[in-house]
């Protein structure tokens with residue numbers, strides 16, 4: 001049992017109580033008594049409201065289920081269906097026009113466009129890597145991934161392969177010609193770079209000199225002007241740096257001694273307390289809060305072993321250059337950090353209220369992550385985050401404007417507890433639940449003074465799409481979802497509503513994750529679709545991917561693109577409400593088996609590491625051994641998809657169990673190299689992870705909105721108790 005300490009009307013887990021009093025509070029200007037008294041009141045005032053909002057979710061779902069059951073066997077009538085959703089208050093009248101009025105937003109969010117990382121803050125090494133991914137090597141990203149083909153002798157190999165290196169150099173020179181064109185000639189022919197009279201002078205083959213077509217692109221340099229070691233350029237609001245050192249293995253093969261091009265990459269990072277972590281008790285939550293506190297204080301550090309050597313990884317300092325006018329130019333050396341709190345659903349026993357009930361985890365996250373952020377706000381930090389005095393909190397999985405209003409109220413109450421000016425706490429609204437999508441304008445309006453971000457989370461959104469219409473019939477195959485009418489309308493609608501409510505220049509309009517971290521050539525080809533769609537940020541799975549995705553923001557001027565898109569006809573709510581039902585369900589046995597196996601294998605591969613190792617975000621090989629980033633959102637889709645096919649007789653429970661049991665040894669084989677791994681097969685009945693997977697699928701229709709957290713949390717706690725963790 002967790003040891004608790006009585007504080008006013010709260011029982012606080014001792015590990016959390018000690019962390020707050022001894023680590024988080026000192027230096028904030030707030031006393032422990034103040035904090036706990038304020039937390040007590042916030043929890044007891046707002047927990048009942050939180051509970052009522054969850055009851056409303058269940059009521060809507062029950063009504064929608066009944067409507068579909070009543071109309072079973074009939075052709076779906078979209079007009080009657082929409083009228084029904086309006087009658088019950090699910091689809092609300094459109095909010096009156098307004099403009100968001102958020103103040104004190106950092107440029108990285110309001111006025112720049114670039115990649116966004118999402119990482120589990122529970123893992124200090126990942127958190128530090130992401131924080132430092134504001135700047136990334138283009139050469140490393142190209143050389144070390146499939147972005148550069150291994151054909152024609154360009155294999156990666158163990159040592160440096162000059163053939164491959166030359167391909168990387170050629171790619172980078174082409175980028176320079178595109179992003180910083182010369183007034184005459186090409187970077188391809190450059191033999192030297194220097195600064196003279198505040199301008200870039202480029203020596204070319206043949207002896208001639210050239211300069212930038214637009215001299216304003218030169219921002220600064222490092223080293224002597226006549227022999228700079230770095231040249232800082234700017235294009236589409238993003239910086240990049242030509243690094244020069246002819247003594248390096250790469251530089252000595254380059255005519256101009258260029259050793260790398262450093263990209264300004266992950267402008268922002270979401271430090272995640274939610275879908276990518278496995279945190280089920282006070283001990284887990286303190287790990288999260290301690291890492292976030294370290295990021296806010298600027299002193300997070302981690303011992304890292306690499307190549308037989310151990311070193312301490314810390315947060316990078318700012319970058320300093322000599323400007324063209326001779327004055328110092330200082331650029332942020334780190335990604336601007338958001339923190340993603342959990343949503344409104346779960347409760348946790350890290351704190352118990354006066355009646356002995358677990359408190360809403362989202363309220364706890366809000367209080368603790370905001371408390372930690374004071375250290376960055378008040379100058380205690382050696383690595384300041386926001387330069388405008390804001391704290392950026394992403395709030396996921398909200399259903400409709402009442403829930404957005406509740407978050408707005410919660411943030412106001414937290415500001416009062418922490419003596420923060422009103423609207424210090426900013427909100428990122430995840431548009432990943434159907435009731436938020438169709439009422440998005442009203443959701444933004446409910447937080448119009450705090451909103452700094454809307455983002456389409458198509459993975460969770462697909463899970464909610466399936467669960468909401470669970471009773472309507474069998475859904476299309478999972479891979480076909482991406483081409484269904486609702487999803488394109490949903491993606492466009494988010495941009496349309498964001499632009500019409502004045503988010504440009506104040507907030508990010510974001511797009512979802514590239515889930516295949518090993519397939520960078522495909523990402524380079526495809527993910528340009530996100531800036532073209534009007535998104536000034538989109539999610540990437542790694543610092544390497546951030547450096548490559550940054551190239552897309554040099555190809556697309558997102559703010560100009562948004563101005564074009566603002567003139568188009570708005571996406572249709574009717575299209576968004578189009579249920580992705582299969583037109584016919586006469587799939588072959590092989591097609592059904594493949595669908596089932598693919599889902600089952602992904603579920604098992606993710607759940608086994610969640611339950612057994614407490615790992616909330618994994619690169620899980622799919623059925624074709626392609627590594628996919630899996631988190632709770634992908635688990636929600638896969639489990640709900642099987643549950644839907646089971647509900648409508650496309651598959652039987654016996655088929656589902658047979659697939660799970662057949663896929664378990666496949667997952668075991670894929671994890672054979674992990675010393676900490678515990679096999680799923682053959683003792684299925686006593687394997688907690690396997691039983692969790694079974695429950696998620698077989699009982700999938702009963703999970704609240706199709707969420708996986710209730711089962712995962714219960715089973716992880718069972719595993720920890722059984723194994724003395």
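Here the Cβ of each residue, glycine as well, is placed from N, Cα and C on the backbone.
Keep in mind the model is a prediction, meaning the values are calculated, not measured.
Swiss-Prot names 340, 457, 458, 459, 460 for binding glyoxylate. Of 361, 432, 433, 484, the residue it gives for the same site is 432.
118 is the only one of 118, 320 that Swiss-Prot places in the acetyl-CoA site (with 125, 126, 276, 313, 541). Taking the C-alpha atom of residue 459 (glyoxylate binding site) as reference, the shortest distance to any of the recorded positions 313, 617, 631 belongs to 631. Across the residues annotated as binding acetyl-CoA (118, 125, 126, 276, 313, 541), the widest Cα-Cα separation comes to 22 Å.
In the three-state DSSP classification, residue 459 (glyoxylate binding site) falls within a helix.
Listed in sequence order, 118, 270, 271, 272, 273, 274, 275, 393, 394, 395, 396, 428 are the same-chain residues at least 6 apart in sequence whose CB falls under 8 Å from the CB of residue 340 (glyoxylate binding site). In the three-state DSSP classification, residue 125 (acetyl-CoA binding site) falls within a helix. When every Cα pair among 340, 432, 457, 458, 459, 460 is compared, the largest distance found for this glyoxylate site is 17 Å.
Note: the Cα of residue 125 (acetyl-CoA binding site) and the Cα of residue 617 (cysteine sulfenic acid (-SOH)) are spaced 14 Å from each other.
The recorded positions close to residue 276 (acetyl-CoA binding site), defined as a CA atom within 10 A of its CA, are 617, 631 out of 457, 458, 460, 617, 631.
Packing around residue 458 (glyoxylate binding site) is summarised by its Cβ count: 22 other Cβ atoms lie within 10 angstroms of its Cβ, all protein chains included.
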